[in-house]
Amino acid sequence: MCQKRAIFKPMTEAERQDLKQKCGGSWKLVLRFLLAGEACCRRENSQAIAGPGHSIAVTSKGVVYSFGSNSSGQLGHGTTEEEWRPRPIRSLQGIRIIQAAAGAGRTMLISDAGQVYAFGKDSFGEAEYGVQGTKLVTSPQLVESLKNIFVVQAAIGNFFTAVLSREGRVYTFSWGNDARLGHHTEPNDVEPHPLLGALENIPVVQIAAGYCYLLALACQPSGMAVYSVGCGLGGKLGHGSRTDEKHPRLIEQFQLLNLQPVVVAAGAWHAAVVGQDGRVCTWGWGRYGCLGHGNEECESVPKVVQALNDVKAIHVATGDYTTFVVSEDGDVYSFGCGESASLGHNAIADGQGNRHANVLTPQLVTSLKQVNERVVQISLTNSIYWNAHTFALTESGKLYAFGAGDKGQLGIELVNNQTERGNPERVDIDLS
């Protein structure tokens with residue numbers, strides 16, 4: 001059964017035995033590790049990424065489309081011209097992409113051969129207001145320093161970039177030294193550093209990057225677990241305190257809640273997890289109601305979102321003070337900051353029918369019900385410097401967009417000085 005999985009097939013016998021040891025000594029645990037990674041990252045499946053001002057869409061065949069802001073060449077078309085119309089990246093012809101990540105002015109793509117292509121700002125950290133004079137790369141370039149690591153996922157934070165290897169090892173770039181972990185970028189740091197500490201011998205299946213912290217979903221023999229590292233302000237590391245962690249630390253609250261985490265999401269300042277039983281937990285900064293607990297309080301340990309008790313969640317996505325949850329039935333709920341209409345509650349009346357209202361508890365995104373198809377993935381902008389937009393991807397590969405579109409990032413033409421769309425609108429690409 002392991003041999004049927006895409007990332008296991010090309011492994012040598014020695015690599016397979018290595019992975020078996022790392023997973024706890026049995027092929028059953030290896031299979032669990034492989035399946036867990038596929039389930040939470042949409043590896044090998046179509047996906048859409050709502051980056052800061054620009055967007056990336058990957059078809060199930062591995063073809064990549066990009067559109068939106070392009071001031072740093074982050075669309076990969078060899079130019080720095082903005083484009084609203086989704087366009088395939090021609091120079092990647094013949095290369096199958098299985099995963100994508102977008103940061104401010106920067107894009108990273110991962111091929112089925114484990115190679116990483118990057119373009120846009122030529123820096124692994126301080127992506128928002130990078131060092132002036134940073135070199136721009138306008139078409140996909142192989143990241144030389146990762147050539148000897150078979151990469152399956154990338155995550156772009158503000159001060160750092162992280163990648164995950166096929167065997168579940170986490171590497172970071174520009175993370176700063178121990179004294180400044182998560183608060184500082186080393187701009188010349190272009191070599192990947194293995195994340196030391198508790199996760200050195202525990203395979204990781206998914207990583208998620210916030211503004212200044214990193215979450216890792218790890219596959220322990222006893223079950224799935226979440227580790228966090230970086231800046232602890234607002235309680236977003238989930239340990240009951242607001243102190244920084246220089247090395248990955250296990251979030252113990254999930255054992256107390258008797259919850260097996262299966263998906264992690266790191267917003268700029270808050271985090272979320274979906275459990276195997278469909279429960280959703282959130283923690284960190286609670287501004288604008290982004291934790292869904294009916295208030296704006298911070299939570300320093302994961303707390304179950306009670307308002308979703310009757311919903312079996314399968315997917316969660318987080319942005320800058322916004323959260324989306326997708327249920328088993330394909331229903332979508334959102335809460336948090338209502339700016340730029342990115343929550344999708346266009347028709348809700350709060351007296352004046354204000355589509356920019358903040359939402360303190362999960363609300364069904366009724367506008368997505370009209371799509372009449374199961375939503376399987378949500379992606380939303382996870383940056384504090386850009387107006388947010390949101391993508392909803394359906395089971396059949398249709399893509400819908402709403403929120404800010406001032407740079408063409410919706411993939412929809414806006415006319416008459418429009419800057420946003422409040423209702424989900426179909427983007428003209430087929431991702432199936």
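Using N, Cα and C of the backbone, Cβ positions are placed for all residues, glycine too.
Bear in mind that TrEMBL entries carry predicted annotations, made automatically and left uncurated.
Per TrEMBL, the features are:
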{"type": "DOMAIN", "residues": "46-380", "note": "domain 'RCC1-like'"}
{"type": "REPEAT", "residues": "62-113", "note": "repeat 'RCC1'"}
{"type": "REPEAT", "residues": "114-167", "note": "repeat 'RCC1'"}
{"type": "REPEAT", "residues": "168-220", "note": "repeat 'RCC1'"}
{"type": "REPEAT", "residues": "224-277", "note": "repeat 'RCC1'"}
{"type": "REPEAT", "residues": "278-329", "note": "repeat 'RCC1'"}
{"type": "REPEAT", "residues": "330-396", "note": "repeat 'RCC1'"}
{"type": "REPEAT", "residues": "397-432", "note": "repeat 'RCC1'"}
Quick test of the contact rule: Cβ under 8 Å, at least six residues beyond the ends. What residues does that give for the repeat 'RCC1' (397-432)?
46-48, 50-51, 53-55, 57-60, 65, 67-69, 82-86, 340-342, 344, 346, 355, 367-368, 371, 373, 380-381, 386-391
Among 224-277, 278-329, 330-396, which stretch has the most Cβ pairs under 8 Å to the repeat 'RCC1' (62-113)?
330-396
For the repeat 'RCC1' (278-329), residues assigned helix / strand / coil by DSSP:
6 helix, 23 strand, 23 coil
